[in-house]
Amino acid sequence: MYKDLEGKVVVITGSSTGLGKAMAIRFATEKAKVVVNYRSKEEEANSVLEEIKKVGGEAIAVKGDVTVESDVINLVQSSIKEFGKLDVMINNAGMENPVSSHEMSLSDWNKVIDTNLTGAFLGSREAIKYFVENDIKGTVINMSSVHEKIPWPLFVHYAASKGGMKLMTETLALEYAPKGIRVNNIGPGAINTPINAEKFADPEQRADVESMIPMGYIGEPEEIAAVAAWLASSEASYVTGITLFADGGMTQYPSFQAGRG
């Protein structure tokens, strides 16, 4: 538990399921106030709110698409209107879909780039704007991936979005460090989330993925949520401009870098 997170206001994009849901619940257990964001699945968002209530937390759900500028502006403003402030912005919303690079349409490319990279930029921009205007030493956390470092065949758009996120985060961290605003990435490896459920349900595919992880197991969303809580806390007060990989050592494993996966 991080005492200084109590009363902090945390906005998490794409938090009706997966990593976002785990982070929302973790911050609620830290007694932070949480803004749950969803694009279309209101029922799932409401389910997260119920789980937050069960742990004694306080939260609201705000609908919005991170690729739509006005939606992102509204998301941040909703946080301020409901809770009076914003302390932590977590740009978690993301997507992936496998397509051979030579067959990838511009629409395929743009959809992933707009969600993963432009969406994170818009969230970062709006949060930092509020921090600067109100002299708040806030924190931005962007959800990157091991694929900001590891090439990924069939996912050139995804890898490009995460590679771009790396330098975006480093640039924002450098630009706003003098104001005490911290900006960092989390780089998850293979995690048990709904997006991976079908793959990991297949014993052969699961074993293949586990063979590329030196620690030998697929991570849980709660392990990523723990990293986010630390980065948002004062325990990480001198940390900015990094990608903290939470991947069981996957980024160090040569067989993956040789093209497996």
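Even glycines carry a Cβ here, placed using N, Cα and C.
Residues or ranges marked as NADP(+) binding site in Swiss-Prot: 11-35. Under the heading substrate binding site, Swiss-Prot lists SER145, citing similarity to another entry as support. The feature active site, proton acceptor is assigned by Swiss-Prot to TYR158.
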Assigned conformation of MET23 (NADP(+) binding site) - DSSP reduced to three states: helix
Rounded Cα-Cα span from the residue listed as 'substrate binding site' to MET23 (NADP(+) binding site), Å: 16
Proximal but sequence-remote residues of the same chain as TYR158 (active site, proton acceptor) (Cβ under 8 Å, at least 6 apart): GLU96, VAL112, ASN116, SER145, HIS147, TRP152
Secondary structure of SER145 (substrate binding site) (DSSP, helix/strand/coil): coil
Around the Cβ of SER15 (NADP(+) binding site), the count of other Cβ atoms that are within 10 Å: 30
Assigned element (helix, strand, coil) containing VAL35 (NADP(+) binding site), judged by DSSP: strand
Fewest Cβ neighbours within 10 Å, where candidates are the binding-site residues LYS31, VAL35: LYS31
